[in-house]
Amino acid sequence: MFTTAFAQREQTQPGGLPLDLFAAIDSLKKELNAVILAHYYQEPDIQDIADFIGDSLQLARAAAKTNADVIVFAGVHFMAETAKILNPEKLVLLPDLNAGCSLADSCPPKEFAAFKAAHPDHLVVSYINCSAEIKAMSDIICTSSNAVKIVQQIPKEQPIIFAPDRNLGRYVMEQTGRDLVLWQGSCLVHETFSEKKIVQLKVAHPQAEAIAHPECESSVLRHASFIGSTAALLQYCQTSPSQEFIVATEPGIIHQMQKLAPNKHFIPAPPINNCACNECPFMRLNTLEKLYWAMKNRTPEITMSEDIRIAALRPMQRMLEMSN
């Protein structure tokens with residue numbers, strides 16, 4: 001008699017995919033002693049099957065604490081790199097290696113090295129949305145959850161470079177009163193939101209609160225009643241008495257908002273053009289099918305040189321220490 005697991009493997013679609021992907025992935029998790037970490041911007045099916053869902057800081061903490069042998073990272077490349085930096089002995093898989101990040105790509109290591117050399121007395125605080133090479137050139141890493149807190153802990157006389165996101169950098173400057181030297185990078189998704197259309201939505205929905213991620217441009221942030229990381233936005237929509245929200249961040253988060261506040265209404269902030277530009281094309285590269293094949297074949301694997309990993313680990317550890 002076939003075992004249940006064997007029978008499930010036999011029930012396949014054309015191309016070899018199991019009929020029940022959820023069950024097959026669950027079986028592979030047990031077989032590999034794997035954990036699935038997913039960002040809030042992933043598609044709903046991936047969020048639902050993940051062992052842990054979070055923002056960049058939460059995911060970094062989860063990666064640092066996991067006892068799993070295999071980390072399957074449903075996110076983008078820099079997030080999976082972060083997991084590898086913290087867990088060199090573990091197998092770290094990314095369902096699609098092409099799942100990059102426009103913000104990380106906006107800060108090429110060679111150009112940033114020259115920028116850093118032009119400011120030799122500056123401390124480098126880098127947003128976690130950057131490559132391992134940029135992390136290795138940094139003194140402290142931060143996330144949108146803790147960027148303000150991190151900068152507030154740095155002595156006021158210490159000049160700071162903030163990279164790579166200029167919009168988050170401006171927000172941190174406003175919140176701390178510090179004068180930061182900003183690298184001029186940005187996220188293509190968070191720069192597509194239309195201020196005009198958000199104002200029109202607020203007129204059409206006068207009871208709705210606009211909430212926004214600090215990667216948005218200041219023209220959008222000025223219309224938000226609350227600004228915060230993805231985790232903070234989720235918390236706010238649960239505790240706010242408002243019943244309707246205009247959400248200025250990647251709309252994948254609305255899946256969790258609806259689960260956590262099912263009686264409330266969430267409106268994705270529209271982009272400038274009539275397109276799906278407010279959806280991150282890189283996050284959308286990951287699918288349940290790719291996640292299955294990554295676990296089945298134990299590839300694509302995240303790798304990096306040990307020199308880069310060790311250099312990138314130090315500012316990551318400083319962040320975790322300073323954000324406790």
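Quick reminder: no glycine exception, Cβ is built from N, Cα and C everywhere.
Under the heading iminosuccinate binding site, Swiss-Prot lists HIS39, SER56, TYR127, ILE128, ASN129, SER144, HIS213, PRO214, GLU215, THR230. TYR127 (iminosuccinate binding site) falls within a strand when secondary structure is assigned with DSSP.
Residues or ranges marked as [4Fe-4S] cluster binding site by Swiss-Prot on the basis of sequence analysis: CYS101, CYS187, CYS280. Neighbour count (other Cβ atoms within 10 Å of the Cβ, all protein chains): 24 for CYS187 ([4Fe-4S] cluster binding site).
The binding-site residues close to CYS101 ([4Fe-4S] cluster binding site), defined as a CA atom within 10 A of its CA, are ASN129 out of HIS39, TYR127, ASN129, HIS213, GLU215. You'll find the Cα of GLU215 (iminosuccinate binding site) roughly 13 Å from the Cα of CYS280 ([4Fe-4S] cluster binding site). Cα of HIS213 (iminosuccinate binding site) to Cα of CYS280 ([4Fe-4S] cluster binding site): a span of 14 Å.
You'll find the Cα of CYS280 ([4Fe-4S] cluster binding site) roughly 18 Å from the Cα of TYR127 (iminosuccinate binding site). Neighbour counts of Cβ atoms within 10 Å were compared for the binding-site residues HIS39, HIS213, and the top value is held by HIS213.
The [4Fe-4S] cluster site, placed at the center of the C-beta atoms of CYS101, CYS187, CYS280, has further neighbours from the same chain whose C-beta lies within 8 angstroms: VAL76, SER102, LEU103, ALA104, ASN129, LEU188, VAL189, HIS190, GLU250, PHE282, MET283. Here the C-alpha separation of ASN129 (iminosuccinate binding site) and CYS187 ([4Fe-4S] cluster binding site) works out to 9 Å.
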